[in-house]
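Feature annotation from TrEMBL assigns compositional bias 'Polar residues' to 247-269. Residues or ranges marked as compositional bias 'Acidic residues' by TrEMBL: 272-281. As annotated by TrEMBL, domain 'PH' applies to 70-166. Look at TrEMBL and you will find 187-247 tagged as domain 'FYVE-type'. Feature annotation from TrEMBL assigns region 'Disordered' to 247-281.
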Amino acid sequence: MQPDDLDTLQSVIFEYEREIYLSNIKKEPEQCEVKMVDRLANSEANSKRIGMVESCFGAAGQPLAIPGRVLIGEGVLTKLCRKKPKARQFFLFNDILVYGNIVIQKKKYNKQHIIPLESVTIDTVPDEGDLRNGWLIKTPTKSFAVYAATGTEKCEWMNHIGKCVRDLLQKSGKSPTGEHAAVWVPDSEAPICMRCEKVKFTPVIRRHHCRKCGYVVCGPCSEKKYLIPSQSSKPVRVCEYCYSQLTSGSHAPRSDSNNWGESRYNNNHLSDDEDEDDSSD
């Protein structure tokens, strides 16, 4: 299947497994999976697919073709960004997850992001209103929610990502990452500061995000900065509550008396680098 054949309304294209399964139908499933990666890693079709992904990102994107890398699947997912949910093109490889902004569907993408799968943990997100079929992609540097078009596509994405992560950890002998960045609470979910619960946000009184808990907070509640090495080499903005917990040597839960969003985000930790990062992403 060539990229031009992709249906943009479908979130998942995983043809490789089906092709290899059909050609190895009499073999054990484990053998088929190993053969799939080995065979595709050195195949001309895989090289062409990866080359087309590189060309879609252009000179601003990082090179993606390395020995042993396989493009497992690709598709459009809705990423829950700071301002609002936005469509993003995702590419799942056997060792990394790549996504970017859609400029021209199937032809041009920008703002390439590369996430090493070794550091990824995924968790399902309960359906809520129009946001359905979602899950969390959590890493030490950044965590966010994405949504597929259907429940079936969600399962396929989660199953394939999970398998790639397990395979990488098994090969490396490493343990799963323990700490992850917080999923930022969207701006629209916080009309007032989530810490003092007094300051109302306006075009003049702007929102900020605590890098430790992900809450939307006002300026006076987030004047402190703290070095979180997994996120930045420089101190990043944190709220007063998290700062007191961090400096006292104890790692705080996502909140104390305020339990907003527990059903959706389930106490996940940390997120981005600059306030403006997710204004465009």
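Don't overthink the numbers, they just go from 1 along the chain as shown.
Note: Cβ is positioned from N, Cα and C throughout, glycine not excepted.
Taken as a whole, the domain 'PH' (70-166) shows an average pLDDT of 93 in this prediction. DSSP labels the residues of the domain 'FYVE-type' (187-247) in these numbers: 14 helix, 12 strand, 35 coil.
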